[in-house]
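J.: Pulled these features from Swiss-Prot for this protein:
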- Thr61, Asp136, Glu196, Lys226, Asp230: substrate binding site (BINDING)
- 197-199, Asn231, 260-265, Glu283, Asn318, 339-341, Asn384: NAD(+) binding site (BINDING)
Amino acid sequence: MNAVTDLKQDYLVADINLAGWGRKEIAIAETEMPGLMAIRDEFAAAQPLKGARIAGSLHMTIQTAVLIETLKALGADVRWASCNIFSTQDHAAAAIAAGGTPVFAFKGESLKEYWDFTHRIFDWADGGTPNMILDDGGDATLLLHLGARAEKDQSVIANPGSEEETFLFAAIKEKLAKDPSWYSRNLAAIRGVTEETTTGVHRLYQMAQKGELRFPAINVNDSVTKSKFDNLYGCRESLVDGIKRATDVMIAGKIAVVAGYGDVGKGSAQALRALSAQVWVTEIDPICALQAAMEGYRVVTMDYAAEHGDIFVTCTGNYHVITHEHMAKMKDQAIVCNIGHFDNEIDIASIEKYEWDEIKPQVDHVKFPDGKKLIILAKGRLVNLGCATGHPSYVMSSSFANQTIAQIELWQERDSGKYPVGVYTLPKHLDEKVARLQLRKLNAQLTELTDQQAAYIGVKKEGPYKADHYRY
């Protein structure tokens with residue numbers, strides 16, 4: 001790895017010479033992202049993000065490059081880091097850096113580098129601060145809030161509970177020693193955040209409930225055209241892509257255990273069953289468990305599944321769904337991976353003491369005391385981005401169109417009082433707009449209501465067509 005490390009240079013990527021390759025793939029991705037490109041075309045002249053200085057923390061992929069260039073086309077200034085140490089596509093990062101956007105990301109970052117890079121998206125070259133955050137997983141939002149609390153009371157960063165927190169707390173202490181008011185100064189300047197994923201949304205709601213959230217947030221994840229498409233259809237294609245690239249394993253006939261049957265779990269289970277795996281599901285929620293059972297999946301506990309499964313996939317957004325005890329029961333050569341945002345769904349920390357043998361990047365054999373070996377993918381982090389390239393461009397177009405619309409909404413309404421501190425979702429008509437834009441690529445033909453039909457069901461002919469509480 002020959003990352004650029006000159007701090008006078010306002011980017012840090014693996015190899016800037018990869019920019020040409022990245023640019024070619026970005027051009028292809030644009031043809032597969034109709035919703036996002038239509039938003040770019042619609043708003044470019046109006047420049048609705050003029051004056052916005054966006055600190056972005058989201059997987060630095062080819063698709064994200066199209067998002068970044070859309071935000072810039074609409075008037076924003078942008079700085080970017082990846083939200084995962086393994087998810088960056090180095091040619092995408094190089095292309096964005098070569099185009100003049102400060103980006104700090106390369107595949108295989110250390111945790112120290114990760115938190116250093118997350119800090120750098122807030123350090124504008126002119127000495128100013130950002131005024132918006134675009135987040136995935138909530139780390140950028142967490143950093144400012146936790147750092148501001150630590151300015152007043154460093155006991156909040158005194159006792160790390162994980163390896164991740166060890167590096168985060170150390171990074172905050174280092175920054176406070178250099179600039180004691182850095183966090184509160186940046187926090188005060190932020191006018192809003194748009195959050196991409198389930199895990200980050202959970203954090204936002206927790207902060208809001210505790211009265212800790214300091215600026216308005218739009219929950220992009222729960223837009224229907226995000227969660228029911230990215231989370232479900234995206235995972236349906238990218239999960240097995242990651243497993244196959246990493247292991248070349250035959251999935252047919254094997255017992256695949258999917259932990260969690262939300263949208264991500266549903267897509268993951270469909271993908272594995274499509275390749276003729278015997279799919280078992282673990283769930284805590286009786287409604288989701290019933291859905292899984294009605295789809296023909298066997299619903300079991302992880303305690304039971306551990307000794308039977310061949311492939312394990314966590315999809316919960318929760319903590320220690322697969323424990324050391326579970327892994328100790330597993331078969332020799334069982335494959336263990338995660339497609340939730342953070343690496344603590346699997347208790348990776350408990351097996352770090354064992355012998356790890358790297359088979360290839362992000363694929364490790366972990367030898368247990370009894371001699372058996374488990375195949376751990378992406379060290380428990382996102383398997384579809386660590387071992388493959390994530391979701392296809394088309395489905396990310398829906399997600400990133402929502403992100404762009406949410407950034408416009410918060411920025412345009414920053415002084416109107418429409419969004420006091422809290423967590424919001426985009427209105428239904430914007431969700432439907434994204435779907436309409438995406439349909440163009442598929443040559444779909446929508447039926448139009450007649451006046452009589454619209455009156456009969458009590459909606460406008462142009463929509464929205466469903467109540468906010470409708471479950472798609």
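Cβ coordinates are placed from backbone N, Cα and C, and glycine is handled just like the others.
Map the listed features onto the structure and describe their local environment.
T.: The Cβ of Asp230 (substrate binding site) lies under 8 Å from the Cβ of His391, Val395, Met396, Ser398, Ser399, each on the same chain and at least six residues away in sequence.
When secondary structure is read from DSSP and collapsed to three states, Thr199 (NAD(+) binding site) falls in the helix class. All protein chains included, Thr199 (NAD(+) binding site) registers 21 other Cβ atoms within 10 Å of its own Cβ.
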J.: Taking the Cα of Asp136 (substrate binding site) as the centre, which of the binding-site residues listed as Thr197, Thr199, Gly260, Gly262, Val264, His341 lie within 10 Å of it?
T.: Thr197, Thr199, His341
J.: How long is the line from the C-alpha of Gly262 (NAD(+) binding site) to the C-alpha of Glu196 (substrate binding site), rounded to the nearest angstrom?
T.: 16
J.: Between Asp136, Glu196, Glu283, which of the binding-site residues has the fewest other CB atoms within 10 angstroms in the structure shown?
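T.: Minimum Cβ neighbour count within 10 Å, taken over the binding-site residues Asp136, Glu196, Glu283, occurs at Glu283.
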J.: Which number gives the other C-beta atoms within 10 angstroms of the C-beta of His341 (NAD(+) binding site), all protein chains shown included?
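T.: Within a 10 Å radius of the Cβ of His341 (NAD(+) binding site) lie 23 other Cβ atoms.
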J.: On a C-alpha basis, identify the one among Gly260, Val264, Glu283, His341 that is nearest to Glu196 (substrate binding site); the candidates are the binding-site residues.
T.: His341
